[in-house]
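**Q** These came from TrEMBL, pasted as-is:
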- 15-39: transmembrane segment (TRANSMEM)
- 69-88: transmembrane segment (TRANSMEM)
- 100-119: transmembrane segment (TRANSMEM)
- 173-196: transmembrane segment (TRANSMEM)
- 208-229: transmembrane segment (TRANSMEM)
- 241-266: transmembrane segment (TRANSMEM)
- 278-298: transmembrane segment (TRANSMEM)
Amino acid sequence: MEITFVSDSTSLSYWLRWEFFFCLLSVLTSIIIASILIWKFESSNNSERAYSLYDGEAWIPCVKGLSPIWLMAFRIGASCLLLAASIADLATHGTNLFFYYTQWTLILTILYFVFGSLLSACGCMRQHKTCNASRHTDAEKGMYAPLTKAGTDNAVNELGECYFSQAAAHWGYIFQIIYQITAGAVMLTDGVYWLVIFPFLTIVDYEMSFLTVVVHSINLVLLLGDTAMNSLGFPWFRISYFILFTAIYVMFEWIVHAFAATWWPYPFLNVSEQFAPMWYWMVAVLHLPFYAMFAGLVKTKYFILSRWFP
(Lines of atoms letter the chains of each structure in order from A and count residues from 1; the text may use other names and numbers.)
(Lines give C-alpha, C1' and ligand atoms only; values in the text may rest on other atoms or scores of the structure.)
Protein backbone atom coordinates (compact mmCIF):
# COMPACT_ATOMS: atom_id res chain seq x y z
CA MET A 1 0.00 0.00 0.00
CA GLU A 2 2.95 2.35 -0.64
CA ILE A 3 0.84 4.65 -2.75
CA THR A 4 2.03 8.22 -2.12
CA PHE A 5 5.60 9.43 -2.67
CA VAL A 6 7.17 12.82 -2.06
CA SER A 7 10.09 14.51 -3.80
CA ASP A 8 12.11 15.48 -0.73
CA SER A 9 10.37 15.84 2.60
CA THR A 10 13.74 16.41 4.31
CA SER A 11 14.11 19.86 2.76
CA LEU A 12 13.07 22.89 4.78
CA SER A 13 11.01 24.24 1.90
CA TYR A 14 8.77 21.18 2.06
CA TRP A 15 7.58 22.16 5.53
CA LEU A 16 7.56 25.94 5.05
CA ARG A 17 4.30 26.00 3.16
CA TRP A 18 0.86 27.20 4.13
CA GLU A 19 -0.65 23.70 3.83
CA PHE A 20 1.58 22.34 6.58
CA PHE A 21 0.81 25.21 8.95
CA PHE A 22 -2.91 24.59 8.63
CA CYS A 23 -2.32 20.87 9.20
CA LEU A 24 -0.20 21.71 12.22
CA LEU A 25 -2.96 23.98 13.49
CA SER A 26 -5.48 21.12 13.34
CA VAL A 27 -3.19 18.81 15.33
CA LEU A 28 -2.28 21.45 17.93
CA THR A 29 -5.93 22.43 18.37
CA SER A 30 -6.85 18.80 18.96
CA ILE A 31 -4.05 18.38 21.50
CA ILE A 32 -5.07 21.52 23.39
CA ILE A 33 -8.74 20.50 23.54
CA ALA A 34 -7.81 16.98 24.68
CA SER A 35 -5.46 18.33 27.36
CA ILE A 36 -8.15 20.66 28.69
CA LEU A 37 -10.63 17.78 28.95
CA ILE A 38 -8.11 15.61 30.80
CA TRP A 39 -7.20 18.42 33.18
CA LYS A 40 -10.83 19.32 33.85
CA PHE A 41 -12.30 15.85 34.38
CA GLU A 42 -9.44 13.61 35.46
CA SER A 43 -8.08 15.96 38.13
CA SER A 44 -11.41 17.27 39.46
CA ASN A 45 -12.83 15.94 42.71
CA ASN A 46 -16.32 16.20 41.28
CA SER A 47 -15.46 14.05 38.28
CA GLU A 48 -13.95 11.41 40.53
CA ARG A 49 -17.33 10.98 42.20
CA ALA A 50 -19.27 11.06 38.93
CA TYR A 51 -16.97 8.76 36.97
CA SER A 52 -15.64 6.46 39.65
CA LEU A 53 -14.46 3.00 38.65
CA TYR A 54 -15.01 -0.06 40.81
CA ASP A 55 -12.71 -3.01 41.17
CA GLY A 56 -15.05 -5.58 39.64
CA GLU A 57 -15.74 -3.62 36.46
CA ALA A 58 -12.45 -4.72 34.89
CA TRP A 59 -13.03 -8.47 35.16
CA ILE A 60 -16.61 -9.32 36.25
CA PRO A 61 -19.11 -9.75 33.36
CA CYS A 62 -22.10 -7.44 33.12
CA VAL A 63 -24.48 -10.37 32.62
CA LYS A 64 -25.75 -11.81 35.89
CA GLY A 65 -24.86 -15.45 36.37
CA LEU A 66 -22.01 -15.40 33.83
CA SER A 67 -18.78 -16.54 35.44
CA PRO A 68 -15.72 -14.25 35.16
CA ILE A 69 -13.87 -17.28 33.84
CA TRP A 70 -15.76 -16.95 30.54
CA LEU A 71 -14.63 -13.35 30.12
CA MET A 72 -11.07 -14.34 30.98
CA ALA A 73 -11.14 -17.20 28.46
CA PHE A 74 -12.51 -14.89 25.76
CA ARG A 75 -9.76 -12.33 26.39
CA ILE A 76 -7.03 -14.96 26.31
CA GLY A 77 -8.40 -16.39 23.07
CA ALA A 78 -8.69 -12.91 21.54
CA SER A 79 -5.11 -12.11 22.55
CA CYS A 80 -3.80 -15.25 20.85
CA LEU A 81 -5.88 -14.69 17.72
CA LEU A 82 -4.84 -11.05 17.31
CA LEU A 83 -1.21 -11.84 18.04
CA ALA A 84 -1.24 -14.57 15.39
CA ALA A 85 -2.82 -12.19 12.86
CA SER A 86 -0.24 -9.51 13.66
CA ILE A 87 2.70 -11.92 13.32
CA ALA A 88 1.35 -13.25 10.02
CA ASP A 89 0.87 -9.71 8.73
CA LEU A 90 4.40 -8.70 9.72
CA ALA A 91 5.85 -11.84 8.14
CA THR A 92 4.03 -11.05 4.90
CA HIS A 93 4.52 -7.29 4.61
CA GLY A 94 7.55 -6.59 6.81
CA THR A 95 8.22 -3.87 9.37
CA ASN A 96 6.88 -1.18 7.03
CA LEU A 97 3.52 -1.97 8.60
CA PHE A 98 4.50 0.13 11.60
CA PHE A 99 4.04 3.21 9.42
CA TYR A 100 0.32 2.49 9.33
CA TYR A 101 -2.24 3.64 11.86
CA THR A 102 -3.90 0.25 11.40
CA GLN A 103 -0.88 -1.52 12.86
CA TRP A 104 -0.72 0.89 15.79
CA THR A 105 -4.37 0.16 16.47
CA LEU A 106 -3.81 -3.59 16.20
CA ILE A 107 -0.95 -3.45 18.71
CA LEU A 108 -3.10 -1.36 21.05
CA THR A 109 -5.92 -3.90 20.77
CA ILE A 110 -3.51 -6.73 21.59
CA LEU A 111 -2.29 -4.75 24.60
CA TYR A 112 -5.88 -4.29 25.77
CA PHE A 113 -6.70 -8.00 25.59
CA VAL A 114 -3.41 -9.10 27.19
CA PHE A 115 -3.86 -6.57 30.00
CA GLY A 116 -7.49 -7.62 30.36
CA SER A 117 -6.51 -11.29 30.52
CA LEU A 118 -4.11 -10.57 33.38
CA LEU A 119 -6.70 -8.53 35.29
CA SER A 120 -9.32 -11.24 34.75
CA ALA A 121 -6.92 -13.96 35.92
CA CYS A 122 -6.01 -11.98 39.05
CA GLY A 123 -9.67 -11.25 39.74
CA CYS A 124 -10.71 -14.88 39.35
CA MET A 125 -7.95 -16.01 41.71
CA ARG A 126 -8.95 -13.42 44.30
CA GLN A 127 -12.59 -14.45 44.03
CA HIS A 128 -11.64 -18.12 44.40
CA LYS A 129 -9.52 -17.43 47.48
CA THR A 130 -12.22 -15.25 49.05
CA CYS A 131 -14.88 -17.90 48.43
CA ASN A 132 -12.70 -20.64 49.95
CA ALA A 133 -11.85 -18.47 52.95
CA SER A 134 -15.54 -17.75 53.52
CA ARG A 135 -16.42 -21.43 53.47
CA HIS A 136 -13.55 -22.23 55.82
CA THR A 137 -14.75 -19.58 58.27
CA ASP A 138 -18.28 -20.96 58.22
CA ALA A 139 -16.96 -24.45 58.87
CA GLU A 140 -14.96 -23.28 61.88
CA LYS A 141 -18.07 -21.63 63.30
CA GLY A 142 -20.05 -24.83 62.90
CA MET A 143 -22.36 -23.34 60.29
CA TYR A 144 -20.99 -25.20 57.27
CA ALA A 145 -23.38 -27.26 55.24
CA PRO A 146 -23.05 -28.63 51.70
CA LEU A 147 -24.03 -25.86 49.32
CA THR A 148 -26.59 -26.47 46.62
CA LYS A 149 -26.03 -25.02 43.16
CA ALA A 150 -28.36 -22.15 44.00
CA GLY A 151 -26.47 -21.50 47.20
CA THR A 152 -23.17 -21.46 45.35
CA ASP A 153 -24.52 -19.04 42.76
CA ASN A 154 -25.81 -16.74 45.49
CA ALA A 155 -22.44 -16.78 47.21
CA VAL A 156 -20.67 -15.91 43.98
CA ASN A 157 -23.14 -13.11 43.25
CA GLU A 158 -22.64 -11.66 46.72
CA LEU A 159 -18.88 -11.69 46.22
CA GLY A 160 -19.33 -9.97 42.86
CA GLU A 161 -21.43 -7.23 44.47
CA CYS A 162 -18.70 -6.83 47.07
CA TYR A 163 -16.11 -6.12 44.35
CA PHE A 164 -18.43 -3.50 42.86
CA SER A 165 -18.35 -1.60 46.15
CA GLN A 166 -14.55 -1.32 46.19
CA ALA A 167 -12.79 1.47 44.32
CA ALA A 168 -10.53 0.30 41.51
CA ALA A 169 -6.77 0.64 41.73
CA HIS A 170 -4.78 2.75 39.29
CA TRP A 171 -4.34 -0.29 37.04
CA GLY A 172 -8.12 -0.40 36.63
CA TYR A 173 -8.27 3.21 35.45
CA ILE A 174 -5.37 2.64 33.04
CA PHE A 175 -7.18 -0.41 31.67
CA GLN A 176 -10.38 1.56 31.12
CA ILE A 177 -8.46 4.32 29.34
CA ILE A 178 -6.79 1.77 27.05
CA TYR A 179 -10.23 0.29 26.39
CA GLN A 180 -11.66 3.63 25.32
CA ILE A 181 -8.66 4.54 23.17
CA THR A 182 -8.84 1.13 21.52
CA ALA A 183 -12.57 1.46 20.87
CA GLY A 184 -12.20 4.83 19.19
CA ALA A 185 -9.12 3.85 17.21
CA VAL A 186 -10.67 0.59 15.97
CA MET A 187 -13.85 2.36 14.87
CA LEU A 188 -11.85 5.08 13.11
CA THR A 189 -9.42 2.64 11.46
CA ASP A 190 -11.98 0.20 10.14
CA GLY A 191 -14.47 2.92 9.28
CA VAL A 192 -12.02 5.03 7.27
CA TYR A 193 -10.57 1.95 5.59
CA TRP A 194 -13.87 0.46 4.43
CA LEU A 195 -15.62 3.76 3.69
CA VAL A 196 -12.77 5.88 2.29
CA ILE A 197 -9.56 4.01 1.48
CA PHE A 198 -10.99 0.74 0.18
CA PRO A 199 -13.34 2.31 -2.42
CA PHE A 200 -10.47 4.50 -3.64
CA LEU A 201 -8.05 1.58 -3.89
CA THR A 202 -10.54 -0.62 -5.74
CA ILE A 203 -10.66 1.99 -8.48
CA VAL A 204 -6.92 1.47 -9.12
CA ASP A 205 -7.32 -2.33 -9.08
CA TYR A 206 -6.07 -2.83 -5.56
CA GLU A 207 -5.91 -6.54 -4.72
CA MET A 208 -7.29 -7.36 -1.32
CA SER A 209 -5.90 -10.41 0.48
CA PHE A 210 -7.61 -12.48 3.13
CA LEU A 211 -5.09 -11.24 5.69
CA THR A 212 -5.97 -7.62 4.90
CA VAL A 213 -9.65 -8.33 5.54
CA VAL A 214 -8.79 -10.06 8.81
CA VAL A 215 -6.61 -7.21 10.07
CA HIS A 216 -9.28 -4.61 9.25
CA SER A 217 -12.20 -6.46 10.80
CA ILE A 218 -11.18 -8.98 13.47
CA ASN A 219 -10.16 -6.31 15.97
CA LEU A 220 -13.61 -4.73 15.87
CA VAL A 221 -15.41 -8.08 16.07
CA LEU A 222 -13.40 -9.20 19.11
CA LEU A 223 -13.70 -5.83 20.82
CA LEU A 224 -17.47 -5.87 20.38
CA GLY A 225 -17.54 -9.38 21.86
CA ASP A 226 -15.59 -8.18 24.89
CA THR A 227 -17.82 -5.12 25.20
CA ALA A 228 -20.91 -7.33 25.23
CA MET A 229 -19.56 -9.09 28.34
CA ASN A 230 -17.49 -6.58 30.29
CA SER A 231 -18.78 -4.14 32.92
CA LEU A 232 -16.67 -1.16 31.95
CA GLY A 233 -18.24 2.25 31.60
CA PHE A 234 -17.53 4.63 28.73
CA PRO A 235 -17.12 8.22 30.01
CA TRP A 236 -17.38 10.60 27.06
CA PHE A 237 -14.52 12.91 28.09
CA ARG A 238 -11.95 10.15 27.57
CA ILE A 239 -12.19 10.79 23.86
CA SER A 240 -9.29 13.07 24.77
CA TYR A 241 -6.92 10.11 25.06
CA PHE A 242 -8.12 8.82 21.70
CA ILE A 243 -7.37 12.21 20.15
CA LEU A 244 -3.90 12.28 21.71
CA PHE A 245 -3.20 8.78 20.41
CA THR A 246 -3.93 9.91 16.85
CA ALA A 247 -1.94 13.12 17.32
CA ILE A 248 1.10 11.12 18.45
CA TYR A 249 0.83 8.96 15.34
CA VAL A 250 0.66 12.01 13.05
CA MET A 251 3.66 13.65 14.71
CA PHE A 252 5.55 10.36 14.41
CA GLU A 253 4.93 10.43 10.66
CA TRP A 254 6.09 14.04 10.44
CA ILE A 255 9.32 13.29 12.31
CA VAL A 256 10.05 10.25 10.13
CA HIS A 257 9.50 12.23 6.93
CA ALA A 258 11.54 15.17 8.20
CA PHE A 259 14.58 12.90 8.40
CA ALA A 260 13.88 10.55 5.47
CA ALA A 261 12.29 11.18 2.08
CA THR A 262 9.96 8.21 2.00
CA TRP A 263 6.40 7.31 1.06
CA TRP A 264 3.32 8.32 2.99
CA PRO A 265 1.20 5.40 4.26
CA TYR A 266 -2.00 7.37 3.63
CA PRO A 267 -2.37 9.89 0.78
CA PHE A 268 -4.17 12.46 2.94
CA LEU A 269 -1.16 12.68 5.32
CA ASN A 270 1.03 14.21 2.62
CA VAL A 271 1.20 17.87 3.68
CA SER A 272 2.39 18.96 0.24
CA GLU A 273 -1.03 18.27 -1.23
CA GLN A 274 -3.26 21.28 -1.80
CA PHE A 275 -6.21 19.75 0.04
CA ALA A 276 -4.14 18.31 2.90
CA PRO A 277 -5.49 20.79 5.50
CA MET A 278 -9.05 19.85 4.59
CA TRP A 279 -8.22 16.14 5.06
CA TYR A 280 -6.52 16.77 8.40
CA TRP A 281 -9.46 18.73 9.76
CA MET A 282 -11.90 16.16 8.37
CA VAL A 283 -10.13 13.24 10.06
CA ALA A 284 -9.96 15.24 13.30
CA VAL A 285 -13.72 15.81 13.19
CA LEU A 286 -14.35 12.13 12.36
CA HIS A 287 -13.09 11.21 15.82
CA LEU A 288 -16.37 12.48 17.25
CA PRO A 289 -18.93 10.36 15.33
CA PHE A 290 -16.87 7.15 15.48
CA TYR A 291 -16.28 7.52 19.22
CA ALA A 292 -19.94 8.44 19.72
CA MET A 293 -21.08 5.33 17.82
CA PHE A 294 -19.15 3.04 20.15
CA ALA A 295 -20.35 4.98 23.19
CA GLY A 296 -23.89 4.53 21.88
CA LEU A 297 -23.35 0.77 21.63
CA VAL A 298 -22.21 0.64 25.25
CA LYS A 299 -25.20 2.70 26.37
CA THR A 300 -27.55 0.46 24.39
CA LYS A 301 -26.02 -2.61 26.00
CA TYR A 302 -26.72 -1.34 29.51
CA PHE A 303 -30.23 -0.29 28.50
CA ILE A 304 -30.97 -3.81 27.25
CA LEU A 305 -29.45 -5.37 30.38
CA SER A 306 -31.59 -3.15 32.59
CA ARG A 307 -34.67 -4.50 30.78
CA TRP A 308 -33.65 -8.14 30.74
CA PHE A 309 -32.00 -8.25 34.18
CA PRO A 310 -33.78 -5.60 36.28
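A Cβ is built for glycine as well, from the same backbone N, Cα and C atoms used for every other residue.
TrEMBL labels come from automatic prediction, so no person has curated them.
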**Q** Excluding the flanking five residues on each side, which residues at least 6 beyond the ends of the transmembrane segment (208-229) place their CB within less than 8 Å of a CB in that stretch?
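**A** Same-chain residues near the transmembrane segment (208-229) but 6 or more away: 61-63, 66, 70-71, 74-75, 78, 81-82, 85-86, 88-89, 92, 102, 105-106, 109, 112-113, 116, 182-183, 186-187, 189-190, 193-194, 198, 294, 297-298, 301.
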**Q** Name the range, of those listed as 15-39, 69-88, 100-119, 173-196, 278-298, that has the largest tally of Cβ pairs under 8 Å with the transmembrane segment (241-266).
**A** 15-39
